[in-house]
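A quick write-up on the structure given underneath.
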Amino acid sequence: MWRMTTLLHLTALLVLIPLCHCASMHRHDHYMDMDQTYPNGLGYCEPSGESSCKAGFSYNRDICQGPYHWHTISSCYKACGHKRRQSPINIWSHKAVFLPYLPRLKFKPHMKSLDTDVTNHQNRAPEFEPEDGDKLHVKLKNLVDGHYKFHNLHIHNGKSRRKGSEHSVNRHFTPMEAHLVFHHDDKKEIKPPRVKLGGVYAGRNKFVVVGVFLEVGDEGYGDEPDDDECKRILKGHCENNGDNGNNCDNGNNGNNDNNGNNGNNGNGNNGYNGNNGDNGNNGNGNGNNGYNGNNGYNGNNGNNGNGNNDNNGNDNNGNNGGNGNNGNNGNGNNGNNGNGNNGNNGGNGNNGNNGNSNNGNNGNGNNGNNGGNGNNGNNGNGNNENNGNGSNGNNGGNGNNGNNGDNGNGDNGYNGDNGNSDGRLRRWDLANVRRMHAERYHFSGGCIVKKAKRLSRILECAYRHKKVREFKRNGEEKGLDVDITPEMVLPPMKYRHYYTYEGSLTTPPCNETVLWVVEKCHVQVSRRVLDALRNVEGYEDGTTLSKYGTRRPTQRNKHPLRVYKNSI
């Protein structure tokens, strides 16, 4: 009998010794704090008995403070182990239920720039926290009431550079995932939604979290900003990075930040839509910067647009009034005051040897080639004495308005072309539209992927700054002031297709009171953003966030969660 007992003791020792050795190896693997513990041989962690909702936690999956055992750290974190509606999840796109009456995602007010404070959060993702979140609310009509105010913006990364998003769609992850967190105003009662998604806490969600998948890219993001440039960027000043968002993301026209009427702005590029939007019907001294350069879609940029105008010096050329800048409006290239560099309009005409000479009083610019056929003289090739080019108006089909019209060296719209006499886009115009469009976006899976250039510059500079990059103990944090527009993180309005479900916070205390809105279309930032985030120190020994990442593993709930979508 005693021999059997001895044999059992020896067997137990043989099993326990390797387990202890393995645990000791993990203890030295990475510093966290002196209270870290490890699962027993069965992978079980004893509850700590703590009740604080500020207890420390880790993303190291080998220890009891890691994401698999968050529910044992504190009784405040017990929801992390409920498995009822825990987030993040994998979303199967073909199983998501299409609801056509789901609202469009908006913010109120639109494009609001906020002063935020960003700090090193140790082993968690740095958070951009607004000084006054009451100034911005999420707007999801009929799905939630209007009292969810902006709480913070943070971005999750992974241990792997390619797998950093917390959510996934059809098991596909991206390098990062941005979360825009909105918290319901505690002073207001949560109103039940008209559109009910079901679930345990239907209509009782205290949070709305917008998740955006972030890709990384290299092209179109310019050189790495230096320290002086970062100081300007973080305070909201514009650098020449056109990007749909913020006050100065529509093309940075010279020194004017906002994309208003740019006229003589020096070297500014007129951005994606130029100054005049799609129709470019301004022509009043400020250059006509629509899609098609000076003439817009309709080529009606002059004050005197589409008429059969007499006297080419004072009116627009031809039947459809093509150049806009030829009118009586001061800064037009070909008009009475012809301040552009265009003068000499046309390859074939001598610009009015028989008329008023040189297209207006001051018209002889240096480089103006207003079309292959456009003879803008008063008696040009037209059949009518003072009607300029007769049916050829508009300075020809290929007219390039000199060195970019009134914007000095700026680009007047896509190509600064003068459009057609019938106001329609030429084939080469469409090609240029696509080319410029491709510089700012690319298409993937029926979505448009926005290249968030300005957001990239802000994140690069913020994560590189020592107040954010260097590890800080609790109470020693020094915040960095950053101006940011949360809407920069989102896809363009037209492409805000999303999945929605009722889940939980992805960090302790893992409260199951969150309405998730996960954007289907991705946003691209520069690869330098990912590098800078991974280099943020998350631990006192200088270990960075690249070691364990800041993503919670995909949760497998007891029952699949209902997921809905607002697009097919």
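Along the chain as shown, residues are numbered 1 onward.
Using N, Cα and C of the backbone, Cβ positions are placed for all residues, glycine too.
Neighbours of His154 (Zn(2+) binding site), defined as other CB atoms within 10 A of its CB across all chains, total 20. Taken from Swiss-Prot, the feature Zn(2+) binding site applies to His154, His156, His179, supported by sequence analysis.
Secondary structure at Thr507 (substrate binding site), taken from DSSP and collapsed to helix, strand or coil, is coil. Residues near Thr507 (substrate binding site) in space but far in sequence (CB under 8 A, at least 6 apart, same chain), listed by position: Phe57, Arg124, Arg552. Look at Swiss-Prot and you will find Thr506, Thr507 tagged as substrate binding site.
Residues or ranges marked as compositional bias 'Gly residues' by Swiss-Prot: 280-290 (among others).
According to Swiss-Prot, the compositional bias 'Low complexity' annotation covers 291-318.
Residues annotated as compositional bias 'Gly residues' in Swiss-Prot: 319-352 (among others).
Under the heading compositional bias 'Gly residues', Swiss-Prot lists 362-380 (among others).
The compositional bias 'Gly residues' feature in Swiss-Prot is assigned to 390-413 (among others).
What Swiss-Prot lists as domain 'Alpha-carbonic anhydrase' is 55-567.
Positions annotated as N-linked glycosylation site by Swiss-Prot, on the basis of sequence analysis: Asn389 (among others).
Per Swiss-Prot, N-linked glycosylation site is recorded for Asn511 (among others), and the stated evidence type is sequence analysis. Summarising the environment of Asn511 (N-linked glycosylation site), the number of other Cβ atoms within 10 Å of its Cβ, over all protein chains shown, is 16.
Per Swiss-Prot, the feature region 'Disordered' maps to 259-421.
Taken from Swiss-Prot, the feature signal peptide covers 1-22.
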Exercise. What's the CA-CA gap between Asn511 (N-linked glycosylation site) and His179 (Zn(2+) binding site) in angstrom, rounded?
Worked result: 16
For this session: Determine, for the Zn(2+) site, the additional residues of the same chain whose CB lies within 8 Å of the mean position of the CB atoms of His154, His156, His179; present them in sequence order.
Result: Ala125, Glu127, Leu153, Ile155, Glu166, Glu177, Ala178, Val181, Thr506, Thr550
Exercise. Which state, by DSSP, holds His156 (Zn(2+) binding site): helix, strand or coil?
Worked result: strand
Exercise. Should His179 (Zn(2+) binding site) be counted as helix, strand, or coil on the basis of DSSP?
Worked result: strand
Exercise. Distance between His179 (Zn(2+) binding site) and Thr506 (substrate binding site) at the Cα atoms, whole Å?
Worked result: 10
Seminar exercise, completed: One should report the C-alpha separation between Thr506 (substrate binding site) and His156 (Zn(2+) binding site), rounded to whole angstrom, as 10
